């Protein structure tokens, strides 16, 4: 088996190994890691394929989950593929992982299975009380390739659903977050159909998540994604929040990136010194 999220390692030890030398870039990275080490003791490397943003976010969300998010509890959650396909014929061209040439019914059934799996895993892990047992359950899940990749398909479909909602809200004159305009201002994604064809279908295959899609992921999960962007150290983009103005009640997950392409995860929050 391949472990998708490697065991934890001391952050500064990791940094020293990765960033030797005295180039301006290496110096900046070391400063960035030092700043992260004020808050977190360890880092876990995330396997670097084109799913790594989804993998890092989901791993963090599950490893600190204490309850099932309300959107996962709703009755019609598993009816999503069926409902969307009945309105948008083009979703038939959703590219399921490595299995081409399916019939329409199959696509909706398959995605439904992924959504059910997501709910089940989230529920099971959130009910585990002990932190060590919870971590073990997460590690086990992220060693099971079949299940792990099915969960990413579920996340991508939720991103599509969120994009459709935002697009329709905007068309109907309702307020939408700024990133939604940016998402649909791209030549390659001026509507949800193009977003699916040119972006979501490629995530995990030939590309990862772009910046604006990190916002979409955050909205789909109703989580704030806080990212230490190490190459932006000493600028006001060093710690970036997706979305910029998060909802009060959204849980927060934290990731680290050196280049906005690959994401790792910081673990073990340092005990804040009590003043």
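Cβ coordinates are placed from backbone N, Cα and C, and glycine is handled just like the others.
Some features that TrEMBL has for this protein:
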ACT_SITE  49  active site
ACT_SITE  52  active site, nucleophile
SITE      237  site 'Linear diubiquitin binding'
ACT_SITE  262  active site
Cβ neighbour count (10 Å, all chains) around residue 52 (active site, nucleophile) is 23
Expressed in Å to no decimal places, the gap between the Cα atoms of residue 262 (active site) and residue 237 (site 'Linear diubiquitin binding') is 17
Same-chain residues at least 6 positions away from residue 49 (active site) with a Cβ under 8 Å from its Cβ, in sequence order, are 204
Densest Cβ environment (other Cβ within 10 Å) across the recorded positions 237, 262 belongs to 262
CA pair residue 237 (site 'Linear diubiquitin binding') / residue 52 (active site, nucleophile), Å rounded to integer, equals 21
